[in-house]
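Notes follow the structure.
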Amino acid sequence: MLAFLVQRISQAFLVMFVISVIAFAIQDGLGDPLQEMVGMSVSEEEREAIREELGLNDPMVVQYLRFAGNALQGDLGNSYFYSKPTLEVIAEHLPATLELVIGASLIIVFLSVPIGVYAAIRPQAWLSKFFMGVSTVGISIPVFLTAIVLIQLFSIGVTVNWFPSDTGWGQWLNDFFSTEGGLPSYGRGDELTHLFATWESGFFTGTGLMHLILPSVSLASIMLPLFIRLIRAEMMEVLQSDYVRYARAKGLSAGRINFLHALKNTMLPVITVGGVQIGIMVAYTILTETVFQWPGVGLMFLEAITRSDIPLIVAYLMVVGLIFVVTNTLVDLIYGLVNPTVKLTGKKA
Amino acid sequence: MTTATVSRWYRFRESFFWYSFKRDKVAIVSFAVLLLMVLAAVFAPLLAPADPYDLAQINIMNSELPPVGMSGADPAFPLGTDAQGRDLLSTILYGTRVSLMIGFGAVVLQAFLGILFGLLAGYLGGKVDAVLMRIADVQLSFSTLMVAIIVGAVFKASFGNLMFGEIAIYMLIFIIGVAEWPQIARTVRASVLAEKKKEYVDAAKVMGFGTRRIMFRHILPNTLSPIFVIATVQIANAIISEAALSFLGLGMPETQPSLGSLIKSGFDYIQGGSWWITLIPGLVLVVLVLVINLLGDWLRDVMNPRLYKG
């Protein structure tokens, strides 16, 4: 176990090192700090002097070490646009993204477990087939398109007049297919509760929660089909196993077998895969936040790209890289603790 | 020569592949829809009523006309027009063409990288395997979309908007191809590991064939069917990735739109009630991706030897 721990953690450090090299290369290749600092009128000699003073003429390795040293002390430079430390800017935007991810995760957990379990217990029921069909279609719909459709349906609203409205039935059908709209689709609302530090929460006010609905449903929609399929597949495998057959032979009730014995062993792989998927969600938050103008780190990153705010881009890469590496390492370690056979594959690779 | 072709056709007609295709309604419908869309995209210049790249044909007065069937529609524009007054049907035909080109190109690139690295990792093993698969693991753990967004962002920042717009197609093929090679490399490696142990490889080694010859002439042909399955699904993924990048403004410019950039440009007008500019290309994208995914599912069922024998 110790060997596995050491190997996994040293690998995490190696990956973080590679990420920092890439981030440094981007900063070095794209950003010319001089251009941001001085005007046109500064002569070439003066520029050279400033370069020397800033250490831009030092060898690459020295520059990288300085960059890495500063990064370790929590200094990733100042954002050009916000003119304050990049990490501070990220800290201001991170709570919005985290709340979005939390909202989406809640939806995923509370929908995927019952649906997945149901589809595994009754694979032939029409409702299971319906859910599986919907999840196949769901995988093919890009997250930004789901978001746009949701905005059209529940924010703008759709009025349908496919049926003749002079009959009672036609009017009823028209009303049935029309949607109200009215849900907010822009930003987080203006009533946020201050929790601590830079965390402004939308979880505690009505408008804050209303603003959360559409973005978190959109974000959840991309992961939900994956989780339903995963839970169904794992559960079906568990239901085939000997101990479940034994429990049936013993005469335990179906509910007890399914929910107490089978579900427990189903959730183990699901939780580890889930850990990795939540890291991957970060990529999808960029898309979701763009559609809903959600003031989180994803939108901040995209704006940084259009503004060529190199230090902020680099800081975002480092922070997101760190989040990925930490979640992946933790998931691997937890899995290694729970399921010791994984150590063998860990050694081989 | 002729006997060879006849017997090949005969073999195809009698094959399990063709047999299961004929019996699977979903596969037939998906294939028909895909074929229709590919043909429509390939012959877009002949089929489209207008040329969306030709600025002279665009009249701003025609902007945001609704599709036929709604009040205020103009029969000259069956699916309506976008905010610049371009015929939506034509832009969608051309856009599907761009999306398919990028999807296909990206998969060719990632298949090349994936097969090469997968073969090397699986056959040579040892350090080569460890290094290549670690890189693949790390890249996958970041999710391919994230890698593509970051590479796209860096390219865009270093080339500038104008330059990036001109070479966007090649950039996107490169970005998506490089971001997604690990998927194919892993599949190839897994089947190479299984093939490597078989007797024909030992026989080839005993005969003194070189490593390269054994890898590419003997092992590779036996790993083709899983590559085929995953490549199909990867085309759908590449099309989605392209649409996502274009939607973020890191892909095709509006002057030369793909389905993703059409959706993006239409999104700005959805609050004004012009839903068709964004939702019709969106529907085309979903149908395209869905039929490719369904075909991929069917291919996997047919080519998976476990299911085949069972």
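Glycine is treated like the rest: Cβ placed from N, Cα and C.
Taken from TrEMBL, the feature domain 'ABC transmembrane type-1' applies to A:94-335. The transmembrane segment annotation in TrEMBL covers A:12-30, A:100-121, A:130-154, A:209-231, A:266-287, A:313-338.
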Contact between the transmembrane segment (A:100-121) and the transmembrane segment (A:313-338) (at least 3 Cβ pairs under 8 Å, separation 6+): no
Contact yes or no, the transmembrane segment (A:130-154) and the transmembrane segment (A:313-338), 3+ Cβ pairs under 8 Å, gap 6+: no
Stretch in A:12-30, A:209-231, A:313-338 most in contact with the transmembrane segment (A:266-287), if contact is a CB pair under 8 A: A:313-338
